[in-house]
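Record features (TrEMBL):
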- A:His111, A:His212: heme b b566 binding site (BINDING)
- A:14-225: domain 'Cytochrome b/b6 N-terminal region profile' (DOMAIN)
- A:228-405: domain 'Cytochrome b/b6 C-terminal region profile' (DOMAIN)
- A:43-71: transmembrane segment (TRANSMEM)
- A:91-116: transmembrane segment (TRANSMEM)
- A:128-149: transmembrane segment (TRANSMEM)
- A:155-173: transmembrane segment (TRANSMEM)
- A:194-215: transmembrane segment (TRANSMEM)
- A:247-269: transmembrane segment (TRANSMEM)
- A:313-332: transmembrane segment (TRANSMEM)
- A:344-364: transmembrane segment (TRANSMEM)
- A:370-397: transmembrane segment (TRANSMEM)
Amino acid sequence: MSGGHSSYTPNSGIEKWFDARLPLPRLLYDSFVAYPVPRNLNYAYAFGGILAIMLVSQILTGVVLAMHYAASTGIAFNSVEKIMRDVNSGWLLRYLHSNGASMFFLAVYIHIFRGLYYGSYKAPRELLWILGVIILLLMMATAFMGYVLPWGQMSFWGATVITGFFTAFPIIGDPIQQLLLGGFAVDNPTLNRFFSLHYLLPFMIAGVVVLHVWALHVTGQTNPTGIEVKSKTDTVAFTPYATVKDAFGLVLFLILFAYFVFYLPNFMGHPDNYIQADSLKTPAHIVPEWYFLPFYAMLRAITFNIGPINSKLGGVLTMFGSIAILFLVPWLDTSKVRSAVYRPWYKLFFWIFVANAIMLGWLGSRPAEGLYVVFSQLGTAYYFGFFIVLMPLLGLVETPRRLPNSITEAVLAKTKGGGRPVGVTAAPETKG
Amino acid sequence: MKKILLGLAAAGLGTMLAFGTVATAEEAHNAAEPTHFPIKKPEEMNWTFAGPFGRYDKQQLQRGLKIYKEVCSACHSMNLVAFRSLAELGYSDAQIKAFAAEYEVPGEPNADGEPTTRKAIPADHFPSPYANPEAAAAANGGAVPPDFSLIAKARAVERGFPRFLIDIFTQYQEGGPDYIHALLTGFNETPPEGMQIPEGTHYNPFFIAAKSLKMAQPLQDGQVTYDDGSPQTLTQYSQDVAAFLMWAAEPHLEARKKTGFRVMLFLVLFAGLIYVAKRRIWSDVEH
């Protein structure tokens, strides 16, 4: 933790020269070499590093793609096809970028689920969690605007539907929508401002990521036991231990990424986006990208009016609420125990929450009719119920399992019998 | 980690059960007045370009080009594909030059400012048979024939659950060509009793958007003469033109799959090396 003293000692002359003027090597050394991490981190903790790499990858491929892209309704679609056909390795850049967005979201969802499972949002890491939710929001805005740029049918109609959400708000709704669109319908001004913002937001994400990592390095990482680091034996140095473990996780993730880029590049896309945008032809089903589907399902689940709130506004509020509620998670969870490992009931409801999120995703891809709506409503109820009812309630009524005294104790209890002589570690109850 | 995997499996199983319940609860289709299209799912064909080592069959692409040129191009443009890219089909520069010269494209205005036309050169793209979309619509009963540059990626019949998950492992990306083949061979079917087919349209149970479409059956047995001895049948024609359109939509497919193999090989070896390093580094720490 950065509260401790720096263990960096400049060896060479140039290091000393730098350290006296701009201690950047010291910062890097303390943050990524000597920085102590819990020794019991599993591969679920590799996704932070994976996300950092994905952000860099998206920015690098995106910057090159922007050199060949033209943000104008008349030529945007063809300029993307020019990248695919005539730019050297353009097909690779574009498939990396479009599939990279999907992989980015896959990784961020696993990262968030990991945080929910191990209680990573609990004090003193509330700000760390909130910064993460802000990154998620920025990612969603960036991805949505990026999907509009190829100017295909789904780009156009997705933009029409999503900006249309804002008209649900009374009085301020229409002005907001017109500001977003730069007019009264999705057109050239929309495409231009979306391109501008799509280029800007990733750098804002990078800024918040710096804060996110800073906050992480102040509080230190959580770990599967949820017990704070108490002694030096609880931790190992970031390098080489965490570096090599994260690197292995990253390469496995890259294998998945490459598999989609090279063998299934259009699996996550929609065929309609290979048809140029046409404001006179509405696609049969307008579907967002897969990573927005759970939220889309919740939007469409509200088919009824609630008092003065009509179903449209209700749906929009539900959708925005489903993200907004994440900001409150640190205070909704009343449990004194951090990790789900020691919370049998929370663990059960957590996995139901994961299954429910996947089900909502599938429902989001279905037409809003018949039983699909009923299931979407049940799914939405569970989504919110998990945060508003289960989280506060479980903390009060659940009896957690006995916690180990320290990370070291937990680790040794787990590996007991594995690396030690037989007899010494045999459990008393197996004797006689 | 084991518990996480078990949990994931349980979550997946629960979700699948929920999916099954919803899917089976879907309304039964009415044969005479279907609401979901296409009425029939396309058959999965064998394509040389499928799978991790897929390659285009140049002979087949050449036959497909012949069909496009002699039949499809009467109505359908292909304005993203340049003549020069036909080199990938195995044609020589001279052949491409001669091929392009058969097309007329708009030229520079002459000295009096009058518009002119000229013979196409390899750098030109396949031109549209119509002067503008309005002319195309007028000549085709109000429906503009779609451009063919991307048609093989712009059409795919939804796979449904759980097939879309299996597709990840079988690397199924041939929904477009399968659809084109099914549509071209699907005109002979007779509509179910009681079904109303609108005037000026043609029933095709494989059509993605409705029960019938404006286009009449474009290809018949023996319509195009092949000079390489391939069977001159409708099913052969449909597969050849579908393969050609896949190439038109994804000209760098071979390079993609070849690069992919090297990348995967590298990543798997690299992962092995890092794993060994990780084992060594962590060998002195219980975790």
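Placement of Cβ uses the backbone N, Cα and C atoms for every residue, glycine included.
Nobody curates TrEMBL annotations by hand; they come from automatic prediction.
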Stretch-level contact, the transmembrane segment (A:155-173) and the transmembrane segment (A:247-269), CB cutoff 8 A, at least 3 pairs: no
Recorded stretches the transmembrane segment (A:194-215) and the transmembrane segment (A:43-71) touching, at least 3 CB pairs under 8 Å: yes
Contact set, same chain, for the transmembrane segment (A:91-116): CB under 8 Å, 6 or more residues outside the stretch: 44-45, 47-48, 50-51, 54-55, 57-58, 61-62, 64-65, 80, 83-85, 129, 132, 135-136, 139, 143, 146-147, 253, 256-257, 260-262, 265, 268-269, 289-291, 326, 329, 350, 353-354
Local confidence of the domain 'Cytochrome b/b6 C-terminal region profile' (A:228-405) - pLDDT mean: 96
Interface-richest range of A:43-71, A:128-149, A:247-269, A:344-364, A:370-397 toward the transmembrane segment (A:313-332), CB pairs under 8 Å: A:370-397
Listed stretch, out of A:128-149, A:247-269, A:370-397, that has the most CB pairs under 8 angstroms to the transmembrane segment (A:43-71): A:247-269
Contact set, same chain, for the transmembrane segment (A:370-397): CB under 8 Å, 6 or more residues outside the stretch: 294, 297-298, 300-303, 318, 321-322, 325, 328-329, 332-336, 343, 345-346, 349, 352-353, 356-357, 359-360, 363-364
Long-range Cβ environment of A:His212 (heme b b566 binding site), under 8 Å and at least 6 residues apart: A:Leu128, A:Leu131, A:Gly132, A:Ile135
Other CB atoms, at most 10 A from the CB of A:His111 (heme b b566 binding site): 20
